[in-house]
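S.K.: Got these off Swiss-Prot a minute ago, pasting:
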type     : residues : note
COMPBIAS : 617-626  : compositional bias 'Polar residues'
REGION   : 596-626  : region 'Disordered'
SITE     : D517     : site 'Essential for primase activity'
SITE     : D519     : site 'Essential for primase activity'
ZN_FING  : 881-920  : zinc finger
Amino acid sequence: MTLVLFATEYDSAHIVANVLSQTPTDHCVFPLLVKHQVSRRVYFCLQTQKCSDSRRVAPVFAVNNETLQLSRYLAARQPIPLSALIASLDEAETQPLYRHLFRTPVLSPEHGGEVREFKHLVYFHHAAVLRHLNQVFLCPTSPSWFISVFGHTEGQVLLTMAYYLFEGQYSTISTVEEYVRSFCTRDLGTIIPTHASMGEFARLLLGSPFRQRVSAFVAYAVARNRRDYTELEQVDTQINAFRERARLPDTVCVHYVYLAYRTALARARLLEYRRVVAYDADAAPEAQCTREPGFLGRRLSTELLDVMQKYFSLDNFLHDYVETHLLRLDESPHSATSPHGLGLAGYGGRIDGTHLAGFFGTSTQLARQLERINTLSESVFSPLERSLSGLLRLCASLRTAQTYTTGTLTRYSQRRYLLPEPALAPLLERPLPVYRVHLPNDQHVFCAVASETWHRSLFPRDLLRHVPDSRFSDEALTETVWLHDDDVASTSPETQFYYTRHEVFNERLPVFNFVADFDLRLRDGVSGLARHTVFELCRGLRRVWMTVWASLFGYTHPDRHPVYFFKSACPPNSVPVDAAGAPFDDDDYLDYRDERDTEEDEDGKENKNNVPDNGVFQKTTSSVDTSPPYCRCKGKLGLRIITPFPACTVAVHPSVLRAVAQVLNHAVCLDAELHTLLDPISHPESSLDTGIYHHGRSVRLPYMYKMDQDDGYFMHRRLLPLFIVPDAYREHPLGFVRAQLDLRNLLHHHPPHDLPALPLSPPPRVILSVRDKICPSTEANFIETRSLNVTRYRRRGLTEVLAYHLYGGDGATAAAISDTDLQRLVVTRVWPPLLEHLTQHYEPHVSEQFTAPHVLLFQPHGACCVAVKRRDGARTRDFRCLNYTHRNPQETVQVFIDLRTEHSYALWASLWSRCFTKKCHSNAKNVHISIKIRPPDAPMPPATAV
């Protein structure tokens, strides 16, 4: 049968009803597309609103072609009058289309009988017929509708409509338009004006040369559709196959699926694919779209899956994608490049002295003490910042007064002003540890300690009496060490020093021991773990640690190298799990963070991890392990994992530790045996907290408690030892147990004590960098890094945008921006609009801190962050809180300007601050103003604040 798609210039439903009721009018119908097939009948069709089984047109009436002579109208490109359609109407074929509307017999009063003629049925059911036509069919009356839906050119409209409407297939209009562009690679015909009349539109389509190519296009589109389906099916298969065999954490797996499809179907890749499957005029119809089969799947494998196959294999990841730079030092103690010559000294002091000796003070007392030291030593030593940063600098410095004094005073260090006791003088020649002690009622004291009584105050004298020095299992050995337990805190800092102590990280000191804060997030429903599960977990983690250490640093002997494990005690049944980790701070809390870091501290992180994740599936304890529970932790399992770097090897920058933690986070998910153990019970991704490796961050020491934030005076969640003995000490484990009890082996900056003798020790070395080649930033994992590479719009480099703002178009290719240039940009273009919004929208007591007579100083910290300070003579000062008026306001709030880019040359600047009070969310980043600064050559409307 022959199908004719037609349109009208008047309401199509009424015109069709007139044809059905055989009511002549002056209207015409305009044939647009014709699908010929030898037949006496011609079916006139309209596009349906809904398509069942991809049928997008349906007939509204049929005519007898012998009477109508359709070819005569098509050849003349003329519309068909209604009179011709009425005269040729085939009622026998048309009536079944509307029979369901004529359910009730109609009686004619004039004839006294039932109406049976079709035209009379339509007349008496006129409203039902119109309603049916309007509900089922699309009835556009303007060419602009067809142009907006199917395309703006002659070939685009004709070929798209012919395939989309007449061929039973599942392609969308956008897909068919893409097929047309691949079929007509050179010319798509003339552009159709949107103001054309329906007659002009019909004449254009009926006379188009593209009508001769419809059959060829249909054959190509069918072949292309089949090829597209095969390609996408192969991509689906590859993505699912890798997902099933790869050991990906749940969240990473979801992101992987998105990344894989974005990689396979990226814009550049689809443009290449279009060239491969473009129409070949010289090829036979059956040979169309057969070049390079599996194109998208091969590219997906090359660009992503092959890389992920290596990146998510532990051996390949460590060998191919992790790069370590080590600097070998001179072994001569008098050389300038020896560890001694470079000042790579760790903590001194005594851990088993006769008494506790050191400085103890709150943040306010610390500020006063440092001010006093500055006053006493102003002519000899540089002034110290009146905060924890100043104390860390004081305790790390090896400088003495030899430049300005003679005799014995040349060995006099600035620490002597902090600890003037003469008996401590020999202990002050090396750096001192700085601790934070948590007191009841959420109070905190900072300590710089030269001597303490670690073993005598912390452990009972007979602690090791029942520990065997013979072959024992790790589980049995751990059970032989019993520690006395306390639960009520003391208000005395000296007493609480041995219960709630935290080591403060000092970036000015070398790191000898890698201290890992490992929080394993448990799946919902996991409320108990068997002893075997916990110890197998620790043994698996030790295996991963040793594999990473041997690959990154060498000179690692897995059968001898110590790894010390400590587990947070399980919460009692009466204590909520999420009471274990509330953030700490008060209004008197001073700055103790690195200025470039905005992450939460260890306690804040633990509190955050206690928030339940609704995205994990339920798992009951009985399905995890049927043995009695050894661990009753819910939500997360907290471990402290400490291991020294190989002998004679130190790290000198926090970024190295963050990179090592990033490598370990990834490696934990790649060990096959460990993954089998972890997958049913936990979400192992990002278990290591990298935020503790920043200047001024603190981490709880082993054997220490947490303070209960609700009760105020009670302690809980003590870090208890789990002894995982290396094979070399399995026969005589007592020495290893003693080493795990030794404080010197548990601190960031203390050289390890009683290290086992190694067959071959390396020369002195410094770890300069550890870098994941694919994910160089510790802030983003593999999936996030690769996702940035396939985004539609890429941000311009910050250096490029800064240079454009400084020098215009000529400087957009500058290789680097100096601190002086960055300061000039901030002063001239960034700070004025920020200050304007600050003075307009903030209280005067806040904004006046940034205006005259105060002199501001802008200190760049990299290219994207600038610290704002106030100059006070030779010193700098911070600001009071910009959000609240605290009960004890202090000038300890740090203010920064962040710079970031977008895909244009516009520059975004954000003014934010960091206040260390609990009311301001304990060191959280508080953004105050964000403005968009347009490039110099763009019109400059007022900066927009967000």
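Yeah, the Cβs are placed from backbone N, Cα and C, and that goes for glycine too.
Note that this is a predicted model, so its numbers are computed, not measured.
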S.K.: When you measure from the Cβ of D519 (site 'Essential for primase activity'), how many other Cβ atoms are you left with inside 10 Å?
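M.R.: Within a 10 Å radius of the Cβ of D519 (site 'Essential for primase activity') lie 22 other Cβ atoms.
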S.K.: So for D517 (site 'Essential for primase activity'), how many other CB atoms are inside 10 Å of its CB?
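M.R.: Other Cβ atoms within 10 Å of D517 (site 'Essential for primase activity'): 22.
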S.K.: Please report the three-state DSSP label of D517 (site 'Essential for primase activity').
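M.R.: DSSP assigns D517 (site 'Essential for primase activity') to strand.
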S.K.: Mind tallying the zinc finger (881-920) by DSSP state, helix then strand then coil?
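M.R.: Helix (H, G, I), strand (E, B), coil: 3 helix, 17 strand, 20 coil.
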